[in-house]
Amino acid sequence: MIGNGKDGWRRLQAVAISASTAEGLTLAVLPLLAVSITTDPREVSWVNVAGQSPWLLFSLFAGVLIDRVRRTTVLAWAFGIEVVATLALGTTGSAHLLSLPLLMVVAFVLTSAQVLGDGASGALVPEVVPPDRLTAANTRLQLIDRGVVQFVVPPVTGWLVAVGAGLPAWVACVAAALALLLVRGIPSAPVVPSQAHPLRDLREGLRYLVRTPLLRSITVTVALGSFAASADNSMLVLYATQVLHLGPVGYGALLACLAAGWILSSFVVHRIVARFGYSWSMRVSQTLAAVTSLLIAVVPPWPVVVGAVLLFTTAVVLVWNVCSQSSRQRFTPRALLGRVLTSHRALAWGLTPLGALAGGLVAAHWSLRGVWFLGAVIHGIGAVIVWRSLSPAAFREAEAAEAAGAS
């Protein structure tokens, strides 16, 4: 931890609130704008594919940059890109010049900025938070990112779209600009310049992730889950409008149910992990992810029931996410942290474009409910991996290695 840790942590939370507001607005509005242009599942899914592709294309190189440049500087670059992209979306939306290719380009650029921002933010947390507070800090950031902000933002997005197609993007632009201003006050350690070739640095971070059994197993499980979640998310707007017969405000309410799960879970995640440990927390949460996906596929098309299942889904996912992120931060050397975090994202989230594409194909050739049947099977495979690989003994070995490296 460097500088004034408490002040840095407060500022990082403020940045997270502003950044997540911008992300939540664009996340909610892009599918709505796509559906206003076409209702073909395959065409709608292409917007999601474009928005997920940067995780595969840029994550590894982003990690090299994060480990070579002061992390607050990388964050500032990311928010600057978001300001430009949301400004373009707001302008074209207000001028009624939207098209699917434009939405795909904006989604691609926004996610490219998110690749940089998320990697830099994750690597910055251990600089402003002591090791024994990582679980609590990651819970708070997850709550901000997917809970408080997105509990408010999705319903508001529906109302903003009703007023004007470009209005959500204008608000997102202001939020991204505020994050850009706030990040300047966060202390960050200078980075020792690397004399190695960038590709060598890239391989070093990737090699550490792949050769560390615990981190490797987590990454494989997240890759499977990301594929399934991307398929689900790409079709959720069609599921809401065609199966549940909801409008923009109703769709926003479903997204708010997702956020409510994060909020409720955030109050108990730290206690759950402290009581049961990382191993059992991750085993049970992954198993329940398969169960909730199956429930979405089979429950009656009643919005209240579906909303309740979505709420429980994200409550379970938050437990997994906190344990997953904290494990990477704890068991990775600081000099490699940016590359390991983004290598994880590249490998784990690299399948998300294929997941979005698969969601569109399954919905078009089978049914919308079939997308969630597919998700249940994939999450089930992930549960098998977790029960076999993420044992209490595996975490004890990782903790022993961490202690040996610190001594």
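Cβ coordinates come from backbone N, Cα and C, glycine included.
What TrEMBL says about this protein:
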type	residues	note
TRANSMEM	12-34	transmembrane segment
TRANSMEM	46-66	transmembrane segment
TRANSMEM	73-91	transmembrane segment
TRANSMEM	167-187	transmembrane segment
TRANSMEM	208-229	transmembrane segment
TRANSMEM	249-268	transmembrane segment
TRANSMEM	280-298	transmembrane segment
TRANSMEM	304-323	transmembrane segment
TRANSMEM	344-364	transmembrane segment
TRANSMEM	370-387	transmembrane segment
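The list of residues near the transmembrane segment (46-66) in space but at least 6 beyond its ends in sequence, with Cβ under 8 angstroms from a Cβ of it, reads 30-31, 34, 74, 100, 103-105, 107-108, 110-112, 114-116, 119-120, 123, 198, 201-202, 205-206, 230, 233-234, 338-343, 345-346, 349-353, 355-357, 359-360. Counting Cβ pairs under 8 Å to the transmembrane segment (249-268), the top-ranked stretch among 12-34, 208-229, 280-298, 304-323, 344-364 is 304-323. In this chain, the transmembrane segment (370-387) lies in contact with the transmembrane segment (280-298); the count of Cβ pairs under 8 Å, excluding pairs fewer than 6 apart in sequence, is at least 3. The transmembrane segment (344-364) makes contact with the transmembrane segment (370-387): 3 or more of their CB pairs lie within 8 A, with pairs spaced 6 or more apart in sequence.
Here the transmembrane segment (12-34) does not touch the transmembrane segment (370-387). Their Cβ atoms form fewer than 3 pairs under 8 Å, with each pair 6 or more residues apart. Among 73-91, 208-229, 370-387, 73-91 has the largest number of CB pairs under 8 A with the transmembrane segment (167-187). Sequence-distant contacts of the transmembrane segment (73-91) (same chain, six or more residues past either end, CB-CB distance under 8 Å): 15, 19, 22, 26, 65-66, 102, 106, 109-110, 112-114, 116-117, 119-121, 124, 166-167, 169-170, 172-173, 176-177, 179-180, 183-184, 186, 188.
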